[in-house]
Amino acid sequence: MELWNFPACSFFSDHHTHTIMPSLLSGRILHFPKLSATSSSESYSSKQVKFPKKISQNSATSVRPADSGSPLRKTHKLNLEVSPHRAVSAVRLMRIEFGGAFADLLNEQGKGSGDNEMGYVERTLGFRTRDLDDRDLRLVTEVVGGTIRWRRYLDHLILSLCHDERTFRSMEPLLVQILRIGFYEITKLDMPPYAVVDESVRLAKVALRPGAGNLVNGILRKLAVLKESDSLPAVEVDGDDRQQARGLATLYSHPVWMVRRWTKYFGQDTAIKLMTWNNSYPSFSLRANTGKGLTGADLVSRLKMLKVPHEPSLYLDDFVRLKTGMQNVIQAGLLKEGFCAVQDESAGLVVSIVDPQPGENIIDCCAAPGGKTLFMASRLNGQGKLFAVDINEGRLRILRETAKLHQVIDVISTIHSDLRTFSTDKVVEWDKVLLDAPCSGLGVLSKRADLRWNRRLEDMEQLKHLQDELLDSASRLVKPGGVLIYSTCSIDPEENEERIEAFLLRHPEFYIDPVNKYVPENFVTNRGFYMSNPVKHELDGAFAARLVRFQ
(Lines of atoms letter the chains of each structure in order from A and count residues from 1; the text may use other names and numbers.)
(Lines give C-alpha, C1' and ligand atoms only; values in the text may rest on other atoms or scores of the structure.)
Protein backbone atom coordinates (compact mmCIF):
# COMPACT_ATOMS: atom_id res chain seq x y z
CA MET A 1 0.00 0.00 0.00
CA GLU A 2 1.11 3.52 -0.78
CA LEU A 3 -0.43 6.54 0.87
CA TRP A 4 -0.99 8.93 -2.00
CA ASN A 5 0.47 12.38 -1.34
CA PHE A 6 -1.71 15.20 -2.65
CA PRO A 7 -1.27 18.90 -1.89
CA ALA A 8 -2.02 19.80 1.69
CA CYS A 9 -5.18 21.63 2.62
CA SER A 10 -5.26 25.35 3.23
CA PHE A 11 -4.28 26.62 6.66
CA PHE A 12 -7.71 26.09 8.14
CA SER A 13 -9.75 23.19 6.88
CA ASP A 14 -12.87 23.45 4.74
CA HIS A 15 -14.61 26.77 5.26
CA HIS A 16 -11.64 28.46 6.98
CA THR A 17 -8.92 29.53 4.60
CA HIS A 18 -5.79 31.30 5.68
CA THR A 19 -3.19 32.60 3.29
CA ILE A 20 0.27 33.13 4.73
CA MET A 21 1.13 36.67 3.76
CA PRO A 22 4.39 38.46 4.58
CA SER A 23 2.38 41.41 5.86
CA LEU A 24 1.04 39.30 8.72
CA LEU A 25 4.50 38.51 10.00
CA SER A 26 7.53 40.66 10.44
CA GLY A 27 11.02 40.67 11.93
CA ARG A 28 12.21 37.15 12.63
CA ILE A 29 12.94 34.69 9.88
CA LEU A 30 11.40 31.28 10.54
CA HIS A 31 13.22 28.53 8.71
CA PHE A 32 11.61 25.22 7.83
CA PRO A 33 14.63 23.05 6.93
CA LYS A 34 14.17 20.74 3.99
CA LEU A 35 13.44 17.25 5.28
CA SER A 36 15.62 14.35 4.32
CA ALA A 37 12.87 11.83 4.99
CA THR A 38 10.49 10.96 2.19
CA SER A 39 6.89 10.08 2.70
CA SER A 40 5.49 6.70 1.82
CA SER A 41 3.49 8.37 -0.91
CA GLU A 42 6.15 9.42 -3.39
CA SER A 43 5.56 6.59 -5.83
CA TYR A 44 3.84 7.13 -9.17
CA SER A 45 4.62 10.79 -9.64
CA SER A 46 3.07 12.04 -6.43
CA LYS A 47 2.46 15.75 -6.30
CA GLN A 48 4.86 17.48 -3.98
CA VAL A 49 3.61 20.43 -1.99
CA LYS A 50 5.55 23.67 -2.34
CA PHE A 51 6.06 25.31 1.04
CA PRO A 52 7.49 28.73 1.84
CA LYS A 53 11.13 28.44 2.77
CA LYS A 54 11.01 31.51 4.97
CA ILE A 55 8.27 33.02 7.05
CA SER A 56 9.13 36.16 8.93
CA GLN A 57 7.86 36.80 12.42
CA ASN A 58 8.14 39.63 14.83
CA SER A 59 10.88 39.56 17.46
CA ALA A 60 14.16 41.38 17.79
CA THR A 61 15.41 39.21 20.60
CA SER A 62 17.11 36.57 18.50
CA VAL A 63 18.07 38.20 15.24
CA ARG A 64 20.44 41.06 14.65
CA PRO A 65 22.01 42.60 11.58
CA ALA A 66 25.55 41.60 10.79
CA ASP A 67 27.91 43.93 8.97
CA SER A 68 26.30 46.57 6.82
CA GLY A 69 24.80 45.08 3.70
CA SER A 70 24.98 41.50 4.95
CA PRO A 71 21.92 39.35 5.64
CA LEU A 72 20.43 38.84 9.07
CA ARG A 73 21.89 36.10 11.20
CA LYS A 74 20.62 34.52 14.39
CA THR A 75 22.20 34.68 17.80
CA HIS A 76 21.28 31.39 19.45
CA LYS A 77 20.30 31.67 23.09
CA LEU A 78 19.47 29.25 25.86
CA ASN A 79 16.09 30.02 27.42
CA LEU A 80 15.39 28.00 30.54
CA GLU A 81 12.02 29.62 31.20
CA VAL A 82 10.26 28.27 28.11
CA SER A 83 8.84 24.75 28.42
CA PRO A 84 10.81 22.42 26.10
CA HIS A 85 7.81 20.26 25.21
CA ARG A 86 5.78 23.34 24.30
CA ALA A 87 8.47 24.89 22.11
CA VAL A 88 9.19 21.60 20.33
CA SER A 89 5.47 20.88 19.85
CA ALA A 90 4.77 24.32 18.38
CA VAL A 91 7.68 24.13 15.94
CA ARG A 92 6.87 20.57 14.95
CA LEU A 93 3.26 21.51 14.26
CA MET A 94 4.52 24.35 12.06
CA ARG A 95 6.76 21.92 10.19
CA ILE A 96 3.93 19.43 9.72
CA GLU A 97 1.51 22.04 8.45
CA PHE A 98 3.89 24.04 6.28
CA GLY A 99 7.03 21.99 5.82
CA GLY A 100 5.87 18.45 5.06
CA ALA A 101 7.13 16.82 8.27
CA PHE A 102 5.42 13.79 9.76
CA ALA A 103 3.35 13.66 12.93
CA ASP A 104 5.45 10.82 14.37
CA LEU A 105 8.13 12.16 16.70
CA LEU A 106 10.29 9.05 16.56
CA ASN A 107 11.11 6.86 13.61
CA GLU A 108 11.90 3.17 13.91
CA GLN A 109 15.61 3.83 14.40
CA GLY A 110 14.93 6.16 17.32
CA LYS A 111 16.20 9.15 15.37
CA GLY A 112 14.40 12.43 15.17
CA SER A 113 14.16 12.77 18.96
CA GLY A 114 15.80 15.02 21.54
CA ASP A 115 18.71 16.83 19.93
CA ASN A 116 17.22 16.87 16.43
CA GLU A 117 13.95 18.39 17.65
CA MET A 118 15.72 21.05 19.69
CA GLY A 119 17.85 21.83 16.67
CA TYR A 120 14.67 22.67 14.75
CA VAL A 121 13.53 24.91 17.62
CA GLU A 122 16.86 26.72 17.57
CA ARG A 123 16.84 27.24 13.82
CA THR A 124 13.20 28.31 13.81
CA LEU A 125 12.84 30.46 16.92
CA GLY A 126 16.45 31.50 17.50
CA PHE A 127 16.81 29.99 20.97
CA ARG A 128 17.05 26.64 22.72
CA THR A 129 15.33 25.43 25.85
CA ARG A 130 16.63 22.81 28.23
CA ASP A 131 17.08 19.36 26.68
CA LEU A 132 14.11 17.06 26.28
CA ASP A 133 13.91 14.13 28.68
CA ASP A 134 11.92 10.94 28.10
CA ARG A 135 8.81 12.43 29.72
CA ASP A 136 9.04 15.47 27.44
CA LEU A 137 9.33 13.23 24.38
CA ARG A 138 6.22 11.28 25.35
CA LEU A 139 4.34 14.51 26.01
CA VAL A 140 5.38 15.99 22.66
CA THR A 141 4.14 12.88 20.89
CA GLU A 142 0.78 13.12 22.68
CA VAL A 143 0.40 16.88 22.22
CA VAL A 144 1.41 16.96 18.54
CA GLY A 145 -0.77 13.99 17.58
CA GLY A 146 -3.74 15.19 19.60
CA THR A 147 -3.53 18.80 18.43
CA ILE A 148 -3.49 17.65 14.80
CA ARG A 149 -6.40 15.26 15.30
CA TRP A 150 -8.55 17.84 17.04
CA ARG A 151 -7.49 20.80 14.91
CA ARG A 152 -10.91 21.63 13.47
CA TYR A 153 -12.63 21.47 16.86
CA LEU A 154 -9.86 23.49 18.51
CA ASP A 155 -10.15 26.17 15.82
CA HIS A 156 -13.90 26.28 16.48
CA LEU A 157 -13.23 26.99 20.16
CA ILE A 158 -10.55 29.59 19.45
CA LEU A 159 -12.77 31.39 16.96
CA SER A 160 -15.69 31.32 19.41
CA LEU A 161 -13.58 32.91 22.15
CA CYS A 162 -12.05 35.51 19.86
CA HIS A 163 -15.54 36.82 18.99
CA ASP A 164 -13.93 38.45 15.95
CA GLU A 165 -13.16 36.30 12.95
CA ARG A 166 -10.74 38.90 11.61
CA THR A 167 -8.61 38.57 14.76
CA PHE A 168 -8.53 34.81 14.32
CA ARG A 169 -7.69 34.90 10.63
CA SER A 170 -4.94 37.48 11.04
CA MET A 171 -3.04 35.56 13.72
CA GLU A 172 0.52 34.53 12.95
CA PRO A 173 0.77 30.78 12.29
CA LEU A 174 3.01 30.28 15.32
CA LEU A 175 0.50 32.07 17.54
CA VAL A 176 -2.26 29.80 16.26
CA GLN A 177 -0.17 26.72 17.10
CA ILE A 178 0.52 28.00 20.62
CA LEU A 179 -3.20 28.51 21.16
CA ARG A 180 -4.13 25.13 19.68
CA ILE A 181 -1.68 23.39 22.00
CA GLY A 182 -3.04 25.25 25.02
CA PHE A 183 -6.65 24.53 24.09
CA TYR A 184 -5.87 20.84 23.52
CA GLU A 185 -4.08 20.47 26.86
CA ILE A 186 -6.90 22.16 28.79
CA THR A 187 -9.88 20.57 27.03
CA LYS A 188 -8.58 17.10 26.14
CA LEU A 189 -5.69 16.35 28.51
CA ASP A 190 -7.20 18.09 31.55
CA MET A 191 -3.83 19.62 32.39
CA PRO A 192 -3.86 22.29 35.15
CA PRO A 193 -5.02 25.48 33.41
CA TYR A 194 -2.70 27.75 35.42
CA ALA A 195 0.36 25.82 34.19
CA VAL A 196 -0.85 25.76 30.58
CA VAL A 197 -1.59 29.50 30.63
CA ASP A 198 1.73 30.40 32.23
CA GLU A 199 3.85 28.28 29.86
CA SER A 200 1.92 29.37 26.76
CA VAL A 201 2.25 33.05 27.63
CA ARG A 202 6.00 32.69 28.14
CA LEU A 203 6.47 31.02 24.78
CA ALA A 204 4.34 33.62 22.97
CA LYS A 205 6.23 36.52 24.55
CA VAL A 206 9.68 35.12 23.85
CA ALA A 207 8.99 33.67 20.39
CA LEU A 208 6.74 36.48 19.16
CA ARG A 209 6.23 39.65 21.24
CA PRO A 210 4.73 40.80 24.58
CA GLY A 211 1.40 41.64 22.93
CA ALA A 212 1.05 38.08 21.68
CA GLY A 213 1.59 36.84 25.23
CA ASN A 214 -1.16 39.13 26.47
CA LEU A 215 -3.56 37.83 23.81
CA VAL A 216 -2.75 34.20 24.70
CA ASN A 217 -3.23 35.01 28.38
CA GLY A 218 -6.69 36.48 27.85
CA ILE A 219 -8.01 33.75 25.55
CA LEU A 220 -6.68 30.81 27.60
CA ARG A 221 -7.95 32.25 30.86
CA LYS A 222 -11.38 32.64 29.29
CA LEU A 223 -11.22 29.01 28.14
CA ALA A 224 -10.24 27.84 31.63
CA VAL A 225 -13.28 29.55 33.14
CA LEU A 226 -15.63 28.00 30.57
CA LYS A 227 -14.07 24.55 31.04
CA GLU A 228 -14.43 24.79 34.82
CA SER A 229 -18.11 25.70 34.50
CA ASP A 230 -18.70 23.01 31.85
CA SER A 231 -19.89 25.65 29.38
CA LEU A 232 -17.56 25.35 26.40
CA PRO A 233 -18.97 26.73 23.13
CA ALA A 234 -21.39 24.15 21.76
CA VAL A 235 -21.35 22.68 18.27
CA GLU A 236 -24.69 22.59 16.49
CA VAL A 237 -25.40 19.31 14.70
CA ASP A 238 -29.06 19.94 13.80
CA GLY A 239 -30.54 20.84 10.43
CA ASP A 240 -30.45 19.17 7.05
CA ASP A 241 -27.89 16.58 5.98
CA ARG A 242 -25.31 19.19 4.97
CA GLN A 243 -25.66 21.11 8.23
CA GLN A 244 -25.44 17.92 10.27
CA ALA A 245 -22.30 16.88 8.37
CA ARG A 246 -20.69 20.25 9.09
CA GLY A 247 -21.59 20.03 12.75
CA LEU A 248 -20.28 16.48 13.10
CA ALA A 249 -17.12 17.43 11.17
CA THR A 250 -16.43 20.16 13.72
CA LEU A 251 -17.42 18.13 16.77
CA TYR A 252 -15.27 15.14 15.76
CA SER A 253 -12.64 17.17 13.89
CA HIS A 254 -12.71 15.68 10.38
CA PRO A 255 -13.13 17.21 6.92
CA VAL A 256 -16.77 17.66 5.93
CA TRP A 257 -16.39 15.58 2.77
CA MET A 258 -15.23 12.55 4.79
CA VAL A 259 -18.22 12.81 7.12
CA ARG A 260 -20.64 13.01 4.21
CA ARG A 261 -18.94 10.12 2.39
CA TRP A 262 -18.91 7.82 5.41
CA THR A 263 -22.50 8.70 6.28
CA LYS A 264 -23.48 7.83 2.70
CA TYR A 265 -21.73 4.45 2.70
CA PHE A 266 -21.92 3.34 6.35
CA GLY A 267 -24.65 5.40 8.03
CA GLN A 268 -24.27 8.22 10.53
CA ASP A 269 -23.79 6.01 13.62
CA THR A 270 -20.89 4.12 12.04
CA ALA A 271 -19.41 7.37 10.70
CA ILE A 272 -19.36 8.75 14.25
CA LYS A 273 -17.73 5.54 15.54
CA LEU A 274 -15.09 5.75 12.81
CA MET A 275 -14.26 9.34 13.75
CA THR A 276 -14.11 8.40 17.42
CA TRP A 277 -11.66 5.61 16.58
CA ASN A 278 -9.55 7.96 14.48
CA ASN A 279 -9.34 10.40 17.38
CA SER A 280 -8.30 7.76 19.91
CA TYR A 281 -4.71 7.06 20.89
CA PRO A 282 -3.52 4.39 18.42
CA SER A 283 -2.26 0.97 19.37
CA PHE A 284 0.66 -0.63 17.54
CA SER A 285 1.59 -4.19 16.69
CA LEU A 286 5.02 -5.78 16.55
CA ARG A 287 5.89 -8.78 14.40
CA ALA A 288 8.63 -11.09 15.60
CA ASN A 289 11.24 -11.56 12.89
CA THR A 290 10.88 -15.23 12.03
CA GLY A 291 13.50 -14.71 9.30
CA LYS A 292 16.04 -14.71 12.12
CA GLY A 293 14.44 -17.74 13.70
CA LEU A 294 12.67 -15.68 16.36
CA THR A 295 9.13 -16.36 17.57
CA GLY A 296 6.33 -14.51 19.24
CA ALA A 297 7.41 -16.09 22.51
CA ASP A 298 10.88 -14.57 22.10
CA LEU A 299 9.34 -11.17 21.51
CA VAL A 300 7.06 -11.48 24.53
CA SER A 301 10.08 -12.37 26.66
CA ARG A 302 11.94 -9.23 25.57
CA LEU A 303 8.90 -7.05 26.17
CA LYS A 304 8.54 -8.45 29.68
CA MET A 305 12.18 -7.60 30.36
CA LEU A 306 11.49 -4.03 29.20
CA LYS A 307 8.28 -3.93 31.28
CA VAL A 308 6.28 -2.94 28.21
CA PRO A 309 2.55 -3.77 28.52
CA HIS A 310 1.46 -6.05 25.70
CA GLU A 311 -1.02 -8.69 24.61
CA PRO A 312 -0.83 -11.38 21.94
CA SER A 313 -2.60 -10.90 18.63
CA LEU A 314 -6.02 -12.48 18.41
CA TYR A 315 -5.44 -13.33 14.76
CA LEU A 316 -1.76 -13.96 13.97
CA ASP A 317 1.03 -15.95 15.52
CA ASP A 318 4.24 -13.98 16.15
CA PHE A 319 2.33 -10.67 16.41
CA VAL A 320 2.05 -8.74 19.68
CA ARG A 321 -0.10 -5.68 20.33
CA LEU A 322 1.05 -2.61 22.30
CA LYS A 323 -1.00 0.31 23.59
CA THR A 324 1.92 2.08 25.24
CA GLY A 325 5.68 1.64 25.50
CA MET A 326 6.71 2.00 21.85
CA GLN A 327 9.35 4.53 22.82
CA ASN A 328 10.92 1.94 25.15
CA VAL A 329 10.95 -0.60 22.33
CA ILE A 330 12.70 1.85 20.01
CA GLN A 331 15.23 2.98 22.58
CA ALA A 332 16.03 -0.63 23.52
CA GLY A 333 17.07 -1.24 19.91
CA LEU A 334 14.60 -4.03 19.10
CA LEU A 335 13.77 -2.48 15.74
CA LYS A 336 17.31 -1.40 14.93
CA GLU A 337 18.58 -4.93 15.66
CA GLY A 338 15.96 -6.49 13.38
CA PHE A 339 14.49 -8.39 16.33
CA CYS A 340 11.00 -7.33 15.28
CA ALA A 341 9.15 -4.93 12.98
CA VAL A 342 6.24 -2.55 13.45
CA GLN A 343 3.37 -3.95 11.41
CA ASP A 344 -0.35 -3.73 11.96
CA GLU A 345 -2.22 -7.01 12.10
CA SER A 346 -4.44 -5.81 9.26
CA ALA A 347 -1.35 -5.74 7.02
CA GLY A 348 -0.20 -9.10 8.34
CA LEU A 349 -3.55 -10.62 7.37
CA VAL A 350 -3.01 -9.44 3.80
CA VAL A 351 0.18 -11.53 3.74
CA SER A 352 -1.88 -14.45 5.05
CA ILE A 353 -4.12 -14.01 2.00
CA VAL A 354 -1.09 -14.05 -0.31
CA ASP A 355 -0.12 -17.28 1.47
CA PRO A 356 3.56 -17.39 0.38
CA GLN A 357 4.88 -20.93 0.11
CA PRO A 358 8.56 -22.03 -0.04
CA GLY A 359 9.72 -22.36 -3.64
CA GLU A 360 7.20 -19.91 -5.12
CA ASN A 361 7.99 -17.08 -7.49
CA ILE A 362 6.27 -13.93 -6.10
CA ILE A 363 6.30 -10.28 -7.16
CA ASP A 364 5.33 -7.33 -4.93
CA CYS A 365 4.34 -4.60 -7.38
CA CYS A 366 4.39 -1.48 -5.14
CA ALA A 367 6.76 -2.81 -2.54
CA ALA A 368 8.14 0.18 -0.63
CA PRO A 369 8.34 0.75 2.28
CA GLY A 370 8.52 -3.05 2.40
CA GLY A 371 6.64 -4.27 5.45
CA LYS A 372 4.66 -6.90 3.55
CA THR A 373 7.69 -7.74 1.38
CA LEU A 374 9.77 -8.63 4.43
CA PHE A 375 6.97 -10.66 6.03
CA MET A 376 6.40 -12.62 2.81
CA ALA A 377 10.14 -13.23 2.47
CA SER A 378 10.32 -14.64 6.00
CA ARG A 379 7.59 -17.13 5.11
CA LEU A 380 9.53 -18.48 2.13
CA ASN A 381 12.04 -20.05 4.54
CA GLY A 382 14.92 -19.32 2.20
CA GLN A 383 13.32 -21.11 -0.77
CA GLY A 384 11.82 -19.31 -3.75
CA LYS A 385 12.18 -15.75 -5.00
CA LEU A 386 10.45 -12.49 -4.15
CA PHE A 387 10.76 -9.56 -6.52
CA ALA A 388 10.11 -6.10 -5.06
CA VAL A 389 9.14 -3.43 -7.63
CA ASP A 390 8.88 0.26 -6.80
CA ILE A 391 9.29 3.55 -8.61
CA ASN A 392 11.29 5.09 -5.74
CA GLU A 393 14.91 3.97 -5.87
CA GLY A 394 15.82 5.49 -2.51
CA ARG A 395 13.13 3.58 -0.69
CA LEU A 396 14.13 0.36 -2.45
CA ARG A 397 17.63 0.90 -1.10
CA ILE A 398 16.21 1.17 2.41
CA LEU A 399 14.18 -1.99 1.78
CA ARG A 400 17.34 -3.87 0.80
CA GLU A 401 19.15 -2.66 3.91
CA THR A 402 16.27 -3.76 6.11
CA ALA A 403 16.12 -7.12 4.33
CA LYS A 404 19.79 -7.66 5.19
CA LEU A 405 19.07 -6.75 8.81
CA HIS A 406 16.18 -9.21 8.91
CA GLN A 407 18.30 -11.87 7.17
CA VAL A 408 15.88 -12.39 4.27
CA ILE A 409 17.89 -10.64 1.54
CA ASP A 410 18.76 -13.96 -0.13
CA VAL A 411 15.24 -14.38 -1.47
CA ILE A 412 14.59 -10.69 -2.37
CA SER A 413 15.48 -8.93 -5.62
CA THR A 414 14.55 -5.27 -6.03
CA ILE A 415 13.48 -3.72 -9.33
CA HIS A 416 13.43 0.05 -9.80
CA SER A 417 10.60 0.65 -12.25
CA ASP A 418 7.13 2.03 -12.83
CA LEU A 419 4.88 -1.04 -12.78
CA ARG A 420 3.00 0.20 -15.84
CA THR A 421 6.21 0.20 -17.87
CA PHE A 422 7.66 -2.92 -16.29
CA SER A 423 4.59 -5.06 -17.04
CA THR A 424 4.65 -4.23 -20.75
CA ASP A 425 8.37 -5.00 -21.11
CA LYS A 426 8.44 -8.35 -19.30
CA VAL A 427 7.11 -11.73 -20.35
CA VAL A 428 7.91 -13.49 -17.07
CA GLU A 429 4.84 -14.81 -15.30
CA TRP A 430 4.72 -15.19 -11.54
CA ASP A 431 2.94 -17.66 -9.27
CA LYS A 432 1.60 -14.82 -7.12
CA VAL A 433 1.38 -11.09 -7.75
CA LEU A 434 0.67 -8.68 -4.90
CA LEU A 435 -0.54 -5.20 -5.81
CA ASP A 436 -0.58 -3.23 -2.57
CA ALA A 437 -1.96 -0.22 -4.36
CA PRO A 438 -1.51 3.52 -3.77
CA CYS A 439 -4.59 4.62 -1.85
CA SER A 440 -6.16 7.35 0.24
CA GLY A 441 -5.13 5.76 3.54
CA LEU A 442 -8.59 6.32 5.00
CA GLY A 443 -8.19 3.15 7.06
CA VAL A 444 -5.13 4.35 8.97
CA LEU A 445 -6.24 7.79 10.17
CA SER A 446 -5.76 6.88 13.83
CA LYS A 447 -2.03 6.37 13.27
CA ARG A 448 -1.56 9.06 10.61
CA ALA A 449 -2.98 12.00 12.53
CA ASP A 450 -2.15 14.54 9.80
CA LEU A 451 -3.51 12.49 6.91
CA ARG A 452 -7.14 13.59 7.23
CA TRP A 453 -6.15 17.18 6.47
CA ASN A 454 -4.08 16.21 3.42
CA ARG A 455 -6.89 14.49 1.57
CA ARG A 456 -9.44 16.06 -0.77
CA LEU A 457 -12.55 14.66 -2.38
CA GLU A 458 -11.04 15.27 -5.81
CA ASP A 459 -8.16 12.95 -4.93
CA MET A 460 -10.46 9.94 -4.94
CA GLU A 461 -11.16 10.14 -8.67
CA GLN A 462 -7.45 10.37 -9.48
CA LEU A 463 -6.73 7.41 -7.22
CA LYS A 464 -9.39 5.23 -8.80
CA HIS A 465 -7.94 5.86 -12.24
CA LEU A 466 -4.43 5.01 -11.02
CA GLN A 467 -5.62 1.87 -9.24
CA ASP A 468 -7.31 0.65 -12.42
CA GLU A 469 -4.14 1.24 -14.43
CA LEU A 470 -2.01 -0.62 -11.90
CA LEU A 471 -4.45 -3.53 -11.66
CA ASP A 472 -4.38 -3.93 -15.44
CA SER A 473 -0.58 -3.84 -15.36
CA ALA A 474 -0.28 -6.32 -12.51
CA SER A 475 -2.67 -8.74 -14.20
CA ARG A 476 -0.22 -9.14 -17.11
CA LEU A 477 2.34 -10.65 -14.72
CA VAL A 478 0.13 -13.52 -13.47
CA LYS A 479 0.69 -16.95 -14.96
CA PRO A 480 -2.29 -19.18 -15.89
CA GLY A 481 -3.53 -20.66 -12.62
CA GLY A 482 -1.62 -17.97 -10.73
CA VAL A 483 -3.01 -15.53 -8.17
CA LEU A 484 -3.38 -11.74 -8.17
CA ILE A 485 -3.91 -10.12 -4.77
CA TYR A 486 -5.14 -6.52 -4.68
CA SER A 487 -4.96 -4.68 -1.36
CA THR A 488 -5.31 -1.20 0.12
CA CYS A 489 -5.28 0.43 3.54
CA SER A 490 -8.57 2.15 2.76
CA ILE A 491 -12.12 1.53 3.94
CA ASP A 492 -13.63 3.27 0.93
CA PRO A 493 -15.80 1.02 -1.26
CA GLU A 494 -14.85 2.94 -4.41
CA GLU A 495 -11.17 2.07 -3.88
CA ASN A 496 -11.92 -1.50 -2.89
CA GLU A 497 -14.92 -3.56 -4.02
CA GLU A 498 -15.76 -1.27 -6.91
CA ARG A 499 -12.24 -1.48 -8.32
CA ILE A 500 -12.41 -5.28 -8.30
CA GLU A 501 -15.84 -5.39 -9.91
CA ALA A 502 -14.65 -3.02 -12.65
CA PHE A 503 -11.49 -5.09 -13.13
CA LEU A 504 -13.43 -8.33 -13.56
CA LEU A 505 -15.57 -6.73 -16.26
CA ARG A 506 -12.37 -5.83 -18.14
CA HIS A 507 -10.65 -9.14 -17.39
CA PRO A 508 -13.02 -12.12 -17.52
CA GLU A 509 -9.95 -14.39 -17.47
CA PHE A 510 -9.87 -13.88 -13.66
CA TYR A 511 -12.28 -15.05 -10.98
CA ILE A 512 -12.64 -14.39 -7.24
CA ASP A 513 -11.02 -16.86 -4.86
CA PRO A 514 -12.78 -16.35 -1.47
CA VAL A 515 -10.36 -15.50 1.32
CA ASN A 516 -12.11 -17.50 4.06
CA LYS A 517 -9.43 -20.20 3.74
CA TYR A 518 -6.77 -17.69 4.83
CA VAL A 519 -8.28 -15.33 7.43
CA PRO A 520 -10.90 -15.61 10.20
CA GLU A 521 -14.49 -15.61 8.99
CA ASN A 522 -15.38 -12.28 10.62
CA PHE A 523 -13.02 -10.52 8.18
CA VAL A 524 -14.70 -12.01 5.09
CA THR A 525 -17.31 -10.03 3.12
CA ASN A 526 -20.30 -11.46 1.29
CA ARG A 527 -18.30 -11.37 -1.96
CA GLY A 528 -15.39 -13.28 -0.47
CA PHE A 529 -13.13 -10.27 0.00
CA TYR A 530 -11.07 -9.38 3.09
CA MET A 531 -12.08 -6.28 5.01
CA SER A 532 -10.57 -5.09 8.27
CA ASN A 533 -12.88 -2.57 9.94
CA PRO A 534 -11.48 -0.28 12.69
CA VAL A 535 -14.83 -0.18 14.50
CA LYS A 536 -15.49 -3.93 14.30
CA HIS A 537 -11.97 -5.35 14.68
CA GLU A 538 -10.05 -2.55 16.46
CA LEU A 539 -7.37 -2.71 13.77
CA ASP A 540 -6.39 -0.42 10.93
CA GLY A 541 -8.83 -0.48 8.04
CA ALA A 542 -7.67 -2.63 5.13
CA PHE A 543 -9.01 -4.50 2.11
CA ALA A 544 -7.81 -7.39 -0.06
CA ALA A 545 -9.19 -9.47 -2.90
CA ARG A 546 -7.70 -12.72 -4.15
CA LEU A 547 -8.16 -13.30 -7.89
CA VAL A 548 -7.13 -16.42 -9.79
CA ARG A 549 -6.33 -16.50 -13.49
CA PHE A 550 -8.07 -19.30 -15.39
CA GLN A 551 -5.72 -22.02 -16.63
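Every residue, even glycine, has its Cβ placed from backbone N, Cα and C.
Since this is a predicted model, take the numbers as computed values, not measurements.
Residues or ranges marked as region 'Disordered' by TrEMBL: 48-73.
The annotation domain 'SAM-dependent MTase RsmB/NOP-type' is assigned in TrEMBL to 274-550.
Counting only residues at least six positions away in the same chain, the Cβ atoms of A388, R395, I398, L399, T402, A403 sit under 8 Å from the Cβ of G370 (S-adenosyl-L-methionine binding site). If you look up TrEMBL, you'll see C366, A367, A368, P369, G370, G371, K372, D390, D418, D436 marked as S-adenosyl-L-methionine binding site.
Positions annotated as active site, nucleophile by TrEMBL: C489. Over all protein chains present, the Cβ of C489 (active site, nucleophile) has 27 other Cβ atoms lying within 10 Å.
The two recorded residues, A368 (S-adenosyl-L-methionine binding site) and C489 (active site, nucleophile), have Cα atoms 14 Å apart. Counting only the Cα atoms, the space from K372 (S-adenosyl-L-methionine binding site) to C489 (active site, nucleophile) is about 12 angstrom. The two recorded residues, C366 (S-adenosyl-L-methionine binding site) and C489 (active site, nucleophile), show a Cα separation of 13 Å. Residue annotation for S-adenosyl-L-methionine gives C366, A367, A368, P369, G370, G371, K372, D390, D418, D436. The furthest Cα pair among them is separated by 19 Å. The CA atom of D418 (S-adenosyl-L-methionine binding site) is located 21 Å away from the CA atom of C489 (active site, nucleophile). For the binding-site residues given as C366, A368, K372, D418, the lowest number of other CB atoms within 10 Å of the residue's CB is seen at D418.
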